[in-house]
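These notes concern the structure reproduced below.
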Amino acid sequence: MPFWDLQKQLGIDVDSFLLRQSMPQPHRVAAVCHAFEREWVECGHGLGQTRARRECQLEYEDFMECMQRTKLTQRLRLILEQRDRMIKQGKYTPPEHHMGKEEPRP
């Protein structure tokens, strides 16, 4: 604990940029990825940077997936490619409302 806490006296928190989801949120509702970030921080607490990178890799990957949704977008892209292949082969016909054709209105 520093003798003269400049951050507290000035009312700023320089360390807050490190924890994206743990910052105060509007309406005091926890952020979506808060739990994943908390697990990652708790895992690496007190281990040191080198050891934490090795031992907390799973927690970090979960947190980054929650933030960036890379695995989800990759899976959706594969599903859409499979659908396009099936349409091309004639094995699947999408419903008309998926093709941009609307039902006639009365």
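From the backbone N, Cα and C atoms, a Cβ is placed for every residue, glycine too.
Taken from TrEMBL as is:
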- 94-106: compositional bias 'Basic and acidic residues' (COMPBIAS)
- Cys33-Cys66: disulfide bond (DISULFID)
- Cys43-Cys56: disulfide bond (DISULFID)
- 87-106: region 'Disordered' (REGION)
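Sequence features, as recorded in TrEMBL, placed on the structure.
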| residue | record | Cβ neighbours (10 Å) |
| --- | --- | --- |
| Cys33 | disulfide bond | 19 |
| Cys43 | disulfide bond | 16 |
| Cys56 | disulfide bond | 19 |
| Cys66 | disulfide bond | 17 |
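Here the Cα atom of Cys43 (disulfide bond) is found 17 Å from that of Cys66 (disulfide bond). Helix, strand and coil content of the region 'Disordered' (87-106), in residues and according to DSSP, is 6 helix, 0 strand, 14 coil.
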